[in-house]
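Enquirer: Before we start, here is the structure in question, set down as structure tokens.
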Amino acid sequence: MIKSKANDSGDGSDNFSVGDGDNSDGGDSFAEWDTIDTATEEDRLRRRDLGPLVDSGVRMDNYGNSYEHVDFDARKYTRKLKFKGKKLVYFTSAFVSLFVSLFGYEQGVCSGILTFVTFKMYFNYPTATEIGLVISILEIGAMISSLMVSKISDSIGRKRTILLGTVIFMLGGCLQSFATNLWVFGVGRVFSGFGVGILSTMVPSYQCEISPSEDRGKLVCGEFTGNIAGYCLSVWIDYACYFIQDIGDARENPDALAANVSWRLPLFIQVILAIILFLGGFFVVESPRWLLDVDMDQRGFHVLCLLYHDDPDPLKAEHEFFLIKNSILEERIKIPKKERSWRHMFGHYRLRIFIACSALAFAQFNGINIISYYAPMVFGEAGFKDSMALLMTGVNATVYLLSTVAPWFLVDRWGRKPILISGGLLMGVCLSFIAFVMWLDVEATPLLVALLVVIYNAGFGYSWGPIGFLIPPEVYPLAVRSKGVSLSTATNWLANYIVGQLTPIFQETIGWAMYIFPASSCALSICTVMYFYPETKGVELENIDQLFDEYYGTVSAGYTQVGDVAMELDEFDYELGVAKPGPEEGTEIKGARPTAE
């Protein structure tokens, strides 16, 4: 039960004191609160004398809560550390991107070893259906864990949740590396899926929450580059290990040492990578937004000081502190913590759910996993044989990796929508031509298919790949962000599973016609982006509600929604995240919605 602590200050005004466990006045933590008197808080929002920085030195938020329990001397937290500011932001974002490289590696390594004679012999030549099941079962594990991870991350934090996902992934990698039959191998894939689901959900959210708005796009796009770096590494390791099959009698004896090493070594390398990342993960900072949401205010301010140390504005960390804190308090008015449920999210954010889920669903249905999971098979079907198919897969993966660098420089200049539309157009054209060229089946078909696949992957690498994972954490408010991103990521894995299950079957039954389906999906995705997606370039996460209100006409352009009041932007200070001095009592607020008497 929330206890609004109103203390008589002697001037007729209320002073709200807030603690996070170390408050000297013994005040209750926000984490223990359930409800707030909404009417009282909205009245406070229009008070004339509020602001986070007051002449007395006492910091206050929009709602009159004082922060005497927080030491705002930024130099205390930064002067002894050399690694801070932009260097810390970029390094941390790049490092956590490597956690997603584990999924990229897992994805690519299986596409290669499926073509190994030694692998097929050891598992008694599995059928296309068995291959499809073993490959796509990873997505089932990922889908389950991505739906469960929101509650975990809200409880223990983003950083520890990422470390948990890494441990589970290591277990799955070990089971695959030492599998004695196809079912043990499949169980290992499920555990790897659990880990991948956690990592693919949490890493983009974490990156969004530590990034300045002007750099958020490029930093989150770096997550996809990490993914493809893992994929590219696995493809070249597969190519190198392919030739181990030529040692001794490996191709005739599945129990020979060389035969086992040829396919077990690529699988075990991912375990080594996971151990390295797990150890390094202890040294990254926690998300400041999560810390402030659970009222660890001092630690949250500490992290903000480190992240914004070299900002030209010496009070940037303090401004961000109050911008985030005010947003959290406003969300608590709209959505008390006990009401942050799946039902509430579906009841109030259906449009955002559609946008976030469609971004990741289209990323799969637009055809990327037909190429990624089964690239050697695709090249083999086009006419390349054995090691040449693996070599072409490696070349394709390298171009794919390079293409993911482009969004670093484009996403915060062009915006999200132009990149998605242009990428969808390029991918759709390539897939249509792949189907046409394979239908012709002429002498030049292998070369043309290889060229079109490389161009297609480059188109996906700079558009739907990175931007698809950027959109979900951007469009949800903090109160439901973990649940929303979990649902979006689960949609990604469900679509991934469907594609992985159907691709080998379609390859055997309809051949070239299979590529018509993802080409059609590309066309549909372009229309969806044009008509439903707002542009989030450069928008603070705390101002996304205002963006949706304006884009869909909930309030007029130039206004922001504060409680039940549509307030002019001139009356709201977005730099400090506070209400500007309000009107005298009885003065009409322009654009205000009528409130119930």
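Here the Cβ of each residue, glycine as well, is placed from N, Cα and C on the backbone.
Just so you know, TrEMBL annotations never went through curation; they're auto-generated.
Here's the feature list from TrEMBL:
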REGION    1-33  region 'Disordered'
COMPBIAS  9-29  compositional bias 'Low complexity'
TRANSMEM  88-105  transmembrane segment
DOMAIN    92-537  domain 'Major facilitator superfamily (MFS) profile'
TRANSMEM  125-149  transmembrane segment
TRANSMEM  161-179  transmembrane segment
TRANSMEM  265-285  transmembrane segment
TRANSMEM  353-375  transmembrane segment
TRANSMEM  387-411  transmembrane segment
TRANSMEM  418-440  transmembrane segment
TRANSMEM  446-472  transmembrane segment
TRANSMEM  484-506  transmembrane segment
TRANSMEM  512-533  transmembrane segment
Enquirer: Cβ pairs under 8 Å only, please: of the recorded stretches 265-285, 387-411, 484-506, 512-533, which one is richest in them relative to the transmembrane segment (161-179)?
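Expert: Between the candidates 265-285, 387-411, 484-506, 512-533, the best contact partner of the transmembrane segment (161-179) is 265-285.
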Enquirer: Would you mind listing the long-range same-chain contacts of the transmembrane segment (446-472), meaning Cβ under 8 Å and 6+ residues beyond its ends?
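Expert: Result: 200, 204, 208, 216-217, 220-221, 223-225, 227-228, 355-357, 359-360, 362-363, 366-368, 371, 375, 378-379, 382-384, 392, 395-396, 399-404, 406-407, 410-411, 416, 419-420, 422-424, 426-427, 430-431, 433-434, 437-438, 484-485, 488-489, 492, 525, 533, 536.
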Enquirer: Across the whole of the domain 'Major facilitator superfamily (MFS) profile' (92-537), what does the mean pLDDT come to? Round it, please.
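Expert: Average per-residue pLDDT within the domain 'Major facilitator superfamily (MFS) profile' (92-537): 88.
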Enquirer: For the transmembrane segment (387-411), what are the same-chain contacts with Cβ under 8 Å, counting residues 6+ beyond its ends?
Expert: 108, 111-112, 115, 217-218, 221-222, 224-225, 228-229, 231-232, 235-236, 238-239, 242-243, 371, 375-377, 379-380, 419, 450, 453-454, 457-463, 465-467, 470, 537
Enquirer: Given the cut-off of 8 Å on Cβ pairs that are 6 or more apart in sequence, determine whether the transmembrane segment (512-533) and the transmembrane segment (125-149) share at least 3 such pairs.
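Expert: Between the transmembrane segment (512-533) and the transmembrane segment (125-149), contact is absent.
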Enquirer: Looking only at residues six or more beyond either end of the transmembrane segment (125-149), which have a C-beta under 8 A from one in the stretch?
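Expert: Same-chain residues near the transmembrane segment (125-149) but 6 or more away: 106, 110, 114, 161, 165, 168, 172, 182, 185-186, 189-198, 200-202, 373, 482, 486-487, 489-490, 492-494, 496-505, 507-508.
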